[in-house]
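Structure first, then comments.
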Amino acid sequence: MPRHPARRAHVLALIGAGLLIVTFGAMGIELGNEMVRHGDLDRQSTAAGSYLRGLHHATSDARICHYAWLAHQQKPDAACYTEAIHQLSESLSGFEAFRSVQMRESGGRVEPLANVRKQLETISAWPVAVEGMPDGGEQVLASLDQNLSMLSRASTIDQADRVANMLRNTSWQRRLGLLGILTGVFSLVSAGWVLDRSSLAAARAETSSRDLALRLRATLDSLSLGVAVFGADGRLWHWNEQLTAVLGLEKNFLRTGLPYNALSAVLVVDGMPMLEPLEHVEASLARQQPDPPVVVECKGTNGADLELCRTVFFAPDGAAEQRGFVLTAADITMRLRSERALGEAQKLRALGQLTAGIAHDFKNLLTVILGNLELAAEHDQPEQVAQRQDYLSAAAHAGHRSEALTGQLLSFMRRQSGEPGCLRLSDLFSFLGGLLGRVIGPRIVVDCESVGEVWPVRADPAQLESAVLNLAINARDAMPSGGRLRITARNVTFSVNADLMSLPVEEGRAMRVVSDPAPLPAGDWVRLDVIDSGSGMTRDVLARLFEPFFTTKREGAGTGLGMAMVLAFSQQVQGRVVVATGRASGTEVSLWLPRAAAEARVETPALAVPTRQEAPTPPRKPHERSLQVLVVEDDAAIRDIVVTILSMSGHKVLEAGDGEQAFDVAAGMEGTLDLLVTDIQLPGPLDGITLSRVVLERYPGAAVVYMSGDLTADSQPPPGSVANACLLAKPFRRDGLMEAVTMALGARAAS
């Protein structure tokens, strides 16, 4: 602990007294008789001086320790104050002897002596505990200190005069005595000056400590997060007002000295404590060095999303009472909502790019279809049959291409993020090959290299597709004047853990960053590269590449979540992302994906074809009898096509435009209903699912075919659909419709 100024003054006083003693010793023989004569007076004066210094010391200690306790409230400061007050109380018994000696000295001491006695009597009535200092106590100590300083200076002067009178025998003795006296007096005066300065410093320290405490309290209370400071014993020292609101605690629950375990006991959600065990915190404190902060995200007792952070702290001198830990609690509900919203915005951005490209292609295909149909209508002469058939074939081919486009779009929109599965990159490349060209535009050449021999990987198809699309969009933005985008993959096997930063890169791409600096574990990996010929990145951009919300695009043109989503995907599959770039040398992004243990089958876009539920069906064959069929479709053109196809197959077909009309037709028909072909989305209160259940109550032997434009080749039956129904995805052709009818009738017969 640093030495108090009062103690420095005591040392100076001892030095001065020592110098005087040395001087008196040198003159001892010559002044022996004089010292004998004045011996009793000297002893009394010395005792009085010691008594006076003791009072000075105790008074200064009491004031300084009280200021220190007010600033820090530490036990050593409280003990120091108690000892000083106890010493002042006991010194009252020796005051009369001290007073008698002082009264024999020079005059002018009556009032200071009376004041000192009165102040000592006042102090002796105080409680010795530091918390017990009464109002005005500091003024009493300051006044006592001032009176003691006056007596000390007067005693010093009297003692110097008395010694000077004795040093008059010889010139050398007088010179030596004068030197010793001056030195001693200087030391004693310096001690008094230091005491005065210490009193002023103590007052300033008190004011500064009070101001600092107020500033710290105001700062803590202004924070948006809750803060709690605990000692090494696990008891609460300080906290701010926001902590109660963030943790959802009762207003008066927190108090000084509250055990950490008591707080942990009330912060429990669904049977799980929000705070880490105290044993873990004590283990961190026992290591005597700061550990990384422990951060936990959890639900609070009030349902809010919280981020709890715990850090430990240590005093520079290692004192046990200065060790402890800090707990902060932040409400991150709005931040998580914003992140989720921005994530959805990023997905919508990619979907918008895809939709815009497909819409452009779809308009081109519609132009081909309409143009060929117009040409076919104009060639209506018998000798023009061959030309008309060519035009119709061209229109049909364009229609098939439109069907594939809509199937791709539906497949992309319906993909959901799930658990990593087994995925073949060759299927993924086939699916993305056409889409990427429409997403990034015609000025950029897309080269998806063959990856037929590449191992299957363990990843979620939707997330991997999203990652590649985001990388492709970033590459497009880096090539505003056009360029080349190359996507490739290859197998890599490491026999030992690999440092990805040490792998060779193409010339010019010297700058690189890896998502995780830890070595890549040994084993089989698939490296998927997305390489562009764009402008590359600067070192500053590369350093912040994976930061969420960081973007180099103009305001409103990007969310800054593209690379963050790629990073999140790589972390989910326990892979890595390595980015190598250089100015004017383009950028290479490498996704390192773990090899899957089994062969893979990926969800791929396909033409919309009839699908059925898993149910045993007999071999499909033409029906030997005419069926009674009810067709329900709100689009008259589609309804006419279905009715015509089924009628041409020899069936008796009834039709309706909505669910209510179909119910009336079914109720009034003659005979038995064999087959219901209905669109799922019908206007009115009866949709296709509800209608099928109502119709089967009347005709339980009827088969059901559901039609919808929202279905894909691998769609599951909608909730509430009847058993053994067949799904028919729009658009469909005659063969697809008849195949769906055959499967539905077969499934119904087998059941």
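Each residue, glycine too, has its Cβ placed from N, Cα and C.
Annotations in TrEMBL come from automatic prediction, not curation.
According to TrEMBL, the protein carries these features:
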| type | residues | note |
| --- | --- | --- |
| TRANSMEM | 12-29 | transmembrane segment |
| TRANSMEM | 176-195 | transmembrane segment |
| DOMAIN | 357-597 | domain 'Histidine kinase' |
| DOMAIN | 628-745 | domain 'Response regulatory' |
| MOD_RES | Asp679 | 4-aspartylphosphate |
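DSSP labels the residues of the domain 'Response regulatory' (628-745) in these numbers: 46 helix, 25 strand, 47 coil. A simple way to gauge crowding: the CB of Asp679 (4-aspartylphosphate) has 25 other CB atoms within 10 angstroms, across all the protein chains here. Mean predicted confidence for the domain 'Response regulatory' (628-745): the pLDDT average there is 89.
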